[in-house]
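Input: a single structure, listed below in structure tokens.
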Amino acid sequence: MKQEEAQPEKKLTKSQKNKAAKKAREEHARLKAEAEAKATQEAHAREQAELKAEKDTQEKFAQKSQMQQNEQQSQREKEVHNDKIIEQKQIEQKEEVKKTEEKNWIEERWKNDSIGTNIEEIE
């Protein structure tokens, strides 16, 4: 009996047990709600990160595509410019050939006229 007196057992009343159980349920519900809220926040953060990564990828692709289009346009403009230069040089060469041919024809005609005049003078 002395042992029983040394360690008196505290028996909880039904009301105290119910209060403790209620408190435990409330604590469990609170912890569960916090865990769910944290999981929801993490899921939202992951979703936002994925959306941002996708948006960044699309922007990089769009920039790369725009750069390629600009480069292609620039190349086409250079080709058109070069074609115009080549065309102009060809026109100038044709004009030069035509002038040279006219000059040669005039010189040949002049020589022939001179020879004809000289022959007439000799006769």
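Placed from the backbone N, Cα and C atoms, the Cβ positions cover glycine too.
According to TrEMBL, the feature compositional bias 'Basic and acidic residues' maps to 1-12 (among others).
Summarising the annotation, TrEMBL assigns region 'Disordered' to 1-87.
The annotation compositional bias 'Basic residues' is assigned in TrEMBL to 13-22.
Break the compositional bias 'Basic and acidic residues' (23-62) down by DSSP state and the numbers are 40 helix, 0 strand, 0 coil. According to TrEMBL, the feature compositional bias 'Basic and acidic residues' maps to 23-62 (among others).
Counting residues of the compositional bias 'Low complexity' (63-73) by DSSP class, helix then strand then coil, yields 11 helix, 0 strand, 0 coil. For 63-73, the entry in TrEMBL reads compositional bias 'Low complexity'.
Residues or ranges marked as compositional bias 'Basic and acidic residues' by TrEMBL: 74-87 (among others).
Secondary structure of the compositional bias 'Basic residues' (13-22) per DSSP, as helix, strand and coil residue counts: 9 helix, 0 strand, 1 coil.
For the compositional bias 'Basic and acidic residues' (74-87), the DSSP-based tally of helix, strand and coil residues reads 14 helix, 0 strand, 0 coil.
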